[in-house]
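A.B. asks: Structure provided below as structure tokens; questions to follow.
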């Protein structure tokens with residue numbers, strides 16, 4: 001069960017104090033557990049998409065013009081300057097149309113398909129809004145922070161997929177990230193508008209902004225997946241964004257093996273069973289490849 005956000009930091013600290021030993025990096029031991037798992041939960045963050053060239057807009061150098069994501073991805077920022085926020089998201093949408101899933105995305109999607117053929121399951125719970133998991137072929141996918149390619153109407157709340165490029169005529173060629181770029185101040189009535197009959201309300205990106213709650217239905221689905229999993233993978237996530245940062249530690253707290261794949265340690269690393277250091281696209285494919293004990297259902301059988 002996912003605990004309320006107000007208490008999750010304290011619970012994480014208590015759990016970490018009880019588990020101070022260094023997690024294992026024994027790949028063979030991980031793969032033995034993996035080969036027997038029936039229900040795998042995969043939690044992914046920005047690190048899994050970094051190798052596709054997707055900027056995170058976090059940390060040093062993580063700016064669009066002179067702003068970081070937390071300056072723009074808020075309801076207040078959108079209310080004050082919807083033109084600026086839409087320029088930022090238009091830039092990200094157009095950039096993502098030039099990117100492709102990397103080896104980590106593909107390994108996860110292939111693994112999901114292979115396990116499904118064996119009557120096993122793998123579900124991806126991602127904080128990413130780039131849809132690279134979807135494009136890689138993942139089917140059991142929960143995008144807990146929404147998608148760059150969905151919009152929601154501020155008037156009627158209608159939500160829909162939108163892959164138009166540009167999303168509206170006024171944003172054509174706009175959104176350059178250079179800090180010297182002049183701001184456009186596009187009139188609100190020229191920004192993306194709802195096409196539902198009789199509405200014409202202002203659209204916003206259907207993503208979870210800072211200060212907003214996760215979609216309760218998606219969160220409930222994630223809780224169900226995490227409650228029933230017998231193996232959890234944490235891939236390319238910093239484990240600092242709540243409530244997602246508590247998902248894997250809570251799974252570990254009930255004795256389920258958790259394996260972290262990341263370029264660096266995180267605040268939750270020592271609560272996990274395994275930690276594998278390196279680029280996700282390099283270390284993940286061999287970890288998720290077919291185990292010798294797995295049946296190869298694609299092989300032709302001869303009598």
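Cβ atoms here come from the backbone N, Cα and C positions, even for glycine.
Summarising the annotation, TrEMBL assigns active site, proton acceptor to 145. Residues annotated as substrate binding site in TrEMBL: 89, 92. As annotated by TrEMBL, Zn(2+) binding site applies to 153, 156, 194, 199. Residues annotated as domain 'Deacetylase sirtuin-type' in TrEMBL: 20-294.
Give me the structural setting of these features: burial, nearby parts and distances.
C.D. replies: Taking Cβ-Cβ distances under 8 Å and a sequence separation of 6 or more, the neighbours of residue 92 (substrate binding site) in its chain are 148.
Counting Cβ atoms from all protein chains shown, residue 194 (Zn(2+) binding site) has 20 others lying within 10 Å of its own Cβ.
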A.B. asks: Might you list, by sequence position, any residue in that chain lying six or more from residue 156 (Zn(2+) binding site) with a Cβ less than 8 Å away from its Cβ?
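C.D. replies: Non-local contacts for residue 156 (Zn(2+) binding site): 194, 196, 199, 201.
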A.B. asks: Using Cβ atoms only, which residues of the same chain lie under 8 Å from residue 89 (substrate binding site) while being at least 6 residues apart in sequence?
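C.D. replies: For residue 89 (substrate binding site), the qualifying residues are 148, 205.
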A.B. asks: What is the Cβ neighbour count of residue 145 (active site, proton acceptor) at a 10 Å cut-off, with all protein chains included?
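C.D. replies: Residue 145 (active site, proton acceptor) is surrounded by 20 other Cβ atoms within 10 Å.
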A.B. asks: Count the other Cβ atoms sitting within 10 Å of the Cβ of residue 199 (Zn(2+) binding site), across every protein chain shown.
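C.D. replies: There are 16 such Cβ atoms around residue 199 (Zn(2+) binding site).
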A.B. asks: Over the span of the domain 'Deacetylase sirtuin-type' (20-294), how high is the average pLDDT in this prediction?
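C.D. replies: Average per-residue pLDDT within the domain 'Deacetylase sirtuin-type' (20-294): 95.
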